[in-house]
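S.K.: The phosphoenolpyruvate binding site annotation in Swiss-Prot covers Lys22, Asn23. Marked as UDP-N-acetyl-alpha-D-glucosamine binding site by Swiss-Prot on the basis of sequence analysis: Arg93, Arg122, Pro123, Val124, Asp125, Leu126, Asp308, Ile330. As annotated by Swiss-Prot, 2-(S-cysteinyl)pyruvic acid O-phosphothioketal applies to Cys117, with the evidence given as sequence analysis. If you look up Swiss-Prot, you'll see Cys117 marked as active site, proton donor.
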Amino acid sequence: MDRIVIQGGARLEGRIEISGAKNSALKLMAAALLTDEPVILTRMPRLADSRFLGHLLEKLGVEVSDGQDAQLRLHAATIADTFAPYDLVRKMRASFNVLGPLLAREGHARVSLPGGCAIGARPVDLHLKALKALGAQIEISEGYVSAKAPAGGLVGGEIDLPFASVGATEHAMLAASLARGETVIENAAREPEIGDLADCLTAMGATIEGAGSSTIRIQGQSRLSGVTHKVVADRIETATYALAVAAAGGDAVLEGAVLAHNKALWSSMGEAGVTVEAVADGVRVARNGSRLDSVDIETQPFPGFPTDAQAQFMALMSLANGSSVIRETIFENRFMHAPELARLGADITVHGNEAVVRGVERLRGAPVMATDLRASVSLVIAGLAAEGETVVNRVYHLDRGFERLEAKLTGCGARIERLPDGA
């Protein structure tokens, strides 16, 4: 199993190209099931998660081929199978999003309940509620969801989500695009990835209004066409590299990043003493040598502070002047990185969904272990800022969400390398 070795203390200077958003790309891949024409995705991130989903789509009959310049071509000319087995779905919960498209196109599907990061209870109840609102009959047995559409296919309906679930909103949008009539999603998620999916589905022929607001209206079509679509820039990757620059010190441009997609984060970083500004081709982040100020944050659905940047921000606050309070309101059990940051010298106390971070003057390198995707990259950030050598073990988590992480950081001056076991 690979590990990442970091020699801390180097400033980050230069440019980092931001990849397409993983959380958007996976739903766009699932959208290829809605049409018998080719779907071509550009700025497609090359990640373990996208490979996992690609294998599942191939099993369902989709032709999947990589092109040059971060391009992925998917062609579901026919659906060979509507069964998504456990061994393919368990690796990543986003695989569950094939259920709606299969149901909408073929009228039936059987999909395993999902796996993925072990972050609290992340049920699919809202996904199933949305599909039921479109007329689907749902049965759950022995770890599988069996779904059947009414005669004539799914029918538009009213979907009122109890909270703004990103996954349920996206799943409903996918299925509703091939449903008869209008679907209205109330209390819809507002993340930029929702808008990206809406843009793609609209280009395929669906009529969608209100993406980015709490009410989305979808006029389904009997048939959707192929499309070439550029995946939106990854706002979490943007946040991660911005926080890395802030922690290690330096001045870098994040190419392709969209300033408007991380306003809450930029506000907190600015309050801490980090410079963040829009430039012609992205976002510039800079920090001088002075110690940062502590800042309290609370994770919230977009446009609030993103839960997927909480661990990375905690790494930054571990070096700030004073104490900060970090409240996690989205997922339970999402402070698993705190004990590992403590191995590097961080002073963190966790009480339920709240962590108190007492800033220290310096962190010191040590062996640490990644527990999930965002936790693993928070340890990389801390290692970049620490004195001496940090070794991050179990880095397969990183490969699920970050493309060429070591190369991107090395290009800005970081001393970081990946080593296989035994090396």
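Heads up, residue numbers simply count up from 1 along the chain you see.
Any Cβ shown, glycine's included, is placed from N, Cα and C.
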S.K.: What's the CA-CA gap between Ile330 (UDP-N-acetyl-alpha-D-glucosamine binding site) and Asn23 (phosphoenolpyruvate binding site) in angstrom, rounded?
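M.R.: Roughly 16 Å, rounded to the nearest whole number.
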S.K.: Counting other CB atoms within 10 A of each CB, which of the binding-site residues Asp125, Asp308 comes out lowest?
M.R.: Asp125
S.K.: Starting from each candidate's C-beta and looking 10 angstroms out, tell me which of the binding-site residues Lys22, Arg93 has the most other C-beta atoms.
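M.R.: Of the binding-site residues Lys22, Arg93, the highest Cβ count within 10 Å belongs to Lys22.
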S.K.: Does anything in the same chain, at least 6 positions from Val124 (UDP-N-acetyl-alpha-D-glucosamine binding site), have a Cβ under 8 Å from its Cβ, and if so what?
M.R.: Arg93, Phe96, Leu113, Pro114, Val145, Gly167
S.K.: Only counting partners 6 or more residues apart, tell me which same-chain residues put their Cβ under 8 Å from the Cβ of Pro123 (UDP-N-acetyl-alpha-D-glucosamine binding site).
M.R.: none
S.K.: Could you measure between Asp308 (UDP-N-acetyl-alpha-D-glucosamine binding site) and Asn23 (phosphoenolpyruvate binding site) for me? Cα positions, answer in whole angstrom.
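M.R.: That comes out at 11 Å between the alpha carbons.
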S.K.: If I take the alpha carbons of Asn23 (phosphoenolpyruvate binding site) and Asp125 (UDP-N-acetyl-alpha-D-glucosamine binding site), what is the distance between them in whole Å?
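M.R.: The Cα atom of Asn23 (phosphoenolpyruvate binding site) is 19 Å away from the Cα atom of Asp125 (UDP-N-acetyl-alpha-D-glucosamine binding site).
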S.K.: Do any residues at least six apart in sequence from Leu126 (UDP-N-acetyl-alpha-D-glucosamine binding site), in the same chain, have a Cβ closer than 8 Å to its Cβ, and if so which, in order?
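M.R.: For Leu126 (UDP-N-acetyl-alpha-D-glucosamine binding site), the qualifying residues are Leu161, Pro162, Ser165, Gly167, Ala168.
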